[in-house]
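Swiss-Prot has this to say about the protein:
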DISULFID  CYS92-CYS122  disulfide bond
DISULFID  CYS96-CYS115  disulfide bond
DISULFID  CYS104-CYS136  disulfide bond
DOMAIN    182-230  domain 'Kazal-like 2'
DISULFID  CYS183-CYS214  disulfide bond
DISULFID  CYS187-CYS207  disulfide bond
DISULFID  CYS196-CYS228  disulfide bond
DOMAIN    264-304  domain 'EGF-like'
DISULFID  CYS268-CYS281  disulfide bond
DISULFID  CYS276-CYS292  disulfide bond
DISULFID  CYS294-CYS303  disulfide bond
TRANSMEM  324-344  transmembrane segment
TOPO_DOM  345-373  topological domain 'Cytoplasmic'
Amino acid sequence: MGAQAPLRLPAAPPLAVCGYTSVLLLFAFCLPGSGASNQPAGGGGDCPGGRGKSINCSELNLRESDIRACDESSCKYGGVCKEDGDGLKCACQFQCHTNYIPVCGSNGDTYQNECFLRRAACKHQKDITVVARGPCYSDNGSGSGEGEEEGSGAGAHRKHSKCGPCKYKAECDEDAENVGCVCNIDCSGYSFNPVCASDGSSYNNPCFVREASCIRQEQIDIRHLGHCTDTDDTSLLGKKDDGLQYRPDVKDAGDQREDVYIGSHMPCPENLNGYCIHGKCEFIYSTQKASCRCESGYTGQHCEKTDFSILYVVPSRQKLTHVLIAAIIGAVQIAIIVAIVMCITRKCPKNNRGRRQKQNLGHFTSETSSRMV
């Protein structure tokens, strides 16, 4: 047998060659970075959105990151974009006065005045509007500004079950032997922020007010910041009438608010300056009226009358000490004045007698002297 001829594959048709070539070119073009590697240094590649040409669009990306950090869509409600180091920051520049003209925000929180509300809206970038003038009287909040789940307002979390109506975040423990309302309020994570409540007691923070309201199943509101003092009139610390309360539409109150004003008795606004002549003016929003806390020794609607009954009141130990010291100093001063007056009155007659004797001696004439001789 002769030599075997080598096998030869049939020649591919021209159309198949073109198809293979097109697939290879398309695959090479779609490889990541293949387009960027063929670009010359200094440009040629279109950046996303047709905003310029660069190798990797780094400059544009940097600018876009700054814009995304602070622009009109992310810095609203009175905020201003300002440079902060290498980037931009949304700054809320509100110079709020400290007058107590409380307003109720749409998030259920009470703010010291409308400026504080706008500043909170800017800081949290949330739409907060004024829904009522004066503090919020919510069904499940006491105006403490700690969130919609907190507070001791009337009718908060009423649950009707075997326990009866459980209010103020109390829950019915039906599995217990003694079925009743229990309070599972944990105040361990709250910082020390003493407040004076409407029951005349001081609490370490607003959370303990809610806990006491839950345990006692009665409404206890926060009157003012700080411990209760002797000047707090317990007659003014009564409970608010449920009929006077207002429940605004709550949008979002999950954040802590440091701009929230606490209490239902506030100092009067500037337009009521001089309302109390001898006392402190307080505005009670539950009645929408101003009242006066008169100083010691004064009475009347505007503290304009002198209270003479104060003369018969036994002062405290500290005040009694001051009274005794003042009495001793006054007695010493009176004694000194009396002594000076007595000395003057005693010396004057002697001087007068001496002057008269001298005058009489001067009246001797020459005739009287010759007679004596």
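Just so it is clear, glycine is given a Cβ too, placed from its N, Cα and C backbone atoms.
Since the structure is predicted, the reported quantities are computational estimates derived from the model, not experimental observations.
The structure, with features from Swiss-Prot marked on it.
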residue : record         : DSSP (3 states)
CYS92   : disulfide bond : coil
CYS104  : disulfide bond : strand
CYS115  : disulfide bond : helix
CYS122  : disulfide bond : helix
CYS214  : disulfide bond : helix
CYS228  : disulfide bond : coil
CYS292  : disulfide bond : strand
CYS303  : disulfide bond : coil
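In this structure, the C-alpha atom of CYS276 (disulfide bond) lies 6 angstrom from that of CYS303 (disulfide bond). Among the disulfide-bonded residues listed here, namely CYS104, CYS187, CYS196, CYS294, CYS303, CYS104 has its C-alpha nearest to that of CYS92 (disulfide bond). CYS136 (disulfide bond) sits 18 Å from CYS268 (disulfide bond), taking the Cα positions as reference. Annotated pair CYS294 (disulfide bond) and CYS122 (disulfide bond), C-alpha to C-alpha distance, rounded: 40 Å. Around CYS115 (disulfide bond), the C-beta neighbours below 8 angstroms that are at least 6 residues distant in the chain are PHE94, CYS96, HIS97. Model confidence over the topological domain 'Cytoplasmic' (345-373) is summarised by a mean pLDDT of 59. DSSP gives CYS207 (disulfide bond) a helix state. Taking only the Cα positions, the spacing between CYS196 (disulfide bond) and CYS268 (disulfide bond) is 19 angstrom. Residue pair CYS268 (disulfide bond) / CYS214 (disulfide bond) shows a Cα separation of 32 Å. Between the CA atoms of CYS122 (disulfide bond) and CYS207 (disulfide bond) there is a gap of 27 Å, rounded to the nearest whole number.
Counting only same-chain residues six or more apart in sequence, the Cβ atoms lying under 8 angstroms from the Cβ of CYS187 (disulfide bond) belong to ASN205, CYS207, PHE208, GLU211.
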